[in-house]
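*Asks:* Before we start, here is the structure in question, set down as structure tokens.
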Amino acid sequence: TLKLSHNVAGVTFLAFGNGAPDIFSALVAFSDPHTAGLALGALFGAGVLVTTVVAGGITILHPFMAASRPFFRDIIFYMVAVFLTFLMLFRGRVTLAWALGYLGLYVFYVVTVILCTWIYRRQRRGSLFCPMPVTPEILSDSEEDRVSSNTNSYDYGDEYRPLFFYQETTAQILVRALNPLDYMKWRRKSAYWKALKVFKLPVEFLLLLTVPVVDPDKDDRNWKRPLNCLHLVISPLVVVLTLQSGTYGVYEIGGLVPVWVVVVIAGTALASVTFFATSDSQPPRLHWLFAFLGFLTSALWINAAATEVVNILRSLGVVFRLSNTVLGLTLLAWGNSIGDAFSDFTLARQGYPRMAFSACFGGIIFNILVGVGLGCLLQISRSHTEVK
């Protein structure tokens with residue numbers, strides 16, 4: 001949609017999507033001085049794993065010629081990020097300027113990637129010659145297929161038009177939208193897939209119920225009126241109950257009404273207006289706003305899961321007498337890198353190895369600079385002192 005090159009998309013949007021678990025784990029770990037080593041160990045461990053195992057797997061799945069200048073650019077920025085982190089550990093403290101410098105360096109990295117891509121495209125556009133005109137009498141195969149398909153659709157489009165249109169009820173739309181199981185796919189899959197699917201069904205149902213998804217590739221943009229109206233009540237409730245472990249949700253306004261009650265009342269009113277002002281067949285003009293609500297809800301779900309993972313790892317460290325740094329370098333780093341591996345391998349199989357390869361380095365640069373910078377910045381804003 002944004003017409004970004006593979007390198008720019010890899011170091012921005014794909015890196016942000018892959019790095020969400022690492023970032024939230026780092027934010028949770030940096031919130032407690034005793035678990036800061038867990039965050040640093042996880043970030044460095046994930047960096048080693050992604051640049052070796054994942055990057056090597058991409059080249060095996062889909063061999064390609066790497067672009068030399070983007071590759072060296074990413075390597076240089078990653079080395080600078082690692083050097084700054086080691087320097088931070090040597091100093092033993094992080095000031096506000098140091099934390100803002102981490103975030104500023106990542107912004108400078110993204111601007112550099114966009115600027116280099118723009119310069120490359122401009123140079124390439126200037127070196128291209130004008131294409132030769134095509135003889136009008138001779139059509140290519142694709143053009144013939146296009147003309148043939150247009151002719152066929154024009155001649156026979158009305159022949160297969162249904163006589164009666166079946167319209168689902170509101171209850172049927174809601175049940176179908178909340179059903180995480182595809183019965184056609186269920187019949188074709190193996191017993192192992194079915195067993196794994198049974199364990200995933202409760203989580204998938206919970207996500208369908210709480211996280212709205214806007215899909216521009218679909219004709220209706222994934223507009224389900226009863227479910228989306230339900231999202232207007234449930235998603236804000238999930239946000240206030242998961243933010244800061246529910247501290248804001250149970251806070252009483254004026255000592256009388258809890259915040260979650262106000263959220264439910266406001267969400268119900270907004271859902272009622274949306275339900276009666278829209279239709280089942282046509283998505284509303286402001287449907288794209290549900291994407292922001294879905295992003296916020298999913299981010300807080302990831303944050304809640306990361307909080308529990310960090311607590312479990314702290315318990316394992318106490319039981320097995322392991323340091324937080326060792327746990328971060330191994331278990332937490334492996335767990336956070338699973339998503340990177342699957343998404344990058346999928347891109348390589350689909351014919352986008354350069355985007356996947358760029359995401360490997362863009363992701364770890366994003367994790368270190370934003371994870372450490374934002375984690376320390378939030379801790380400084382809470383305690384109003386330097387992070388040590």
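Every residue, even glycine, has its Cβ placed from backbone N, Cα and C.
Note that the structure is a prediction, hence the values are computed from the model and not measured.
Pulled these features from TrEMBL for this protein:
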DOMAIN    2-114  domain 'Sodium/calcium exchanger membrane region'
DOMAIN    291-380  domain 'Sodium/calcium exchanger membrane region'
TRANSMEM  7-30  transmembrane segment
TRANSMEM  36-59  transmembrane segment
TRANSMEM  71-90  transmembrane segment
TRANSMEM  96-120  transmembrane segment
TRANSMEM  195-213  transmembrane segment
TRANSMEM  225-243  transmembrane segment
TRANSMEM  255-276  transmembrane segment
TRANSMEM  288-306  transmembrane segment
TRANSMEM  318-335  transmembrane segment
TRANSMEM  355-378  transmembrane segment
*Asks:* Tell me, please, if the transmembrane segment (288-306) and the transmembrane segment (96-120) are in contact, taking contact as 3+ Cβ pairs under 8 Å between residues separated by 6 or more positions?
*Replies:* no
*Asks:* Taking contact to mean 3 or more CB pairs closer than 8 A (sequence separation of 6 or more), are the transmembrane segment (36-59) and the transmembrane segment (225-243) in contact?
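*Replies:* These two segments do not touch.
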*Asks:* Could you check whether the transmembrane segment (71-90) and the transmembrane segment (355-378) come into contact, where contact means at least 3 Cβ pairs under 8 Å with the two residues of each pair 6 or more apart in sequence?
*Replies:* yes
*Asks:* Between the transmembrane segment (96-120) and the stretches 255-276, 318-335, 355-378, work out which stretch tops the count of Cβ pairs under 8 Å.
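*Replies:* Between the candidates 255-276, 318-335, 355-378, the best contact partner of the transmembrane segment (96-120) is 355-378.
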*Asks:* Work out, from DSSP, the number of helix, strand and coil residues along the domain 'Sodium/calcium exchanger membrane region' (291-380).
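*Replies:* In the domain 'Sodium/calcium exchanger membrane region' (291-380), the DSSP-based counts are 84 helix, 0 strand, 6 coil.
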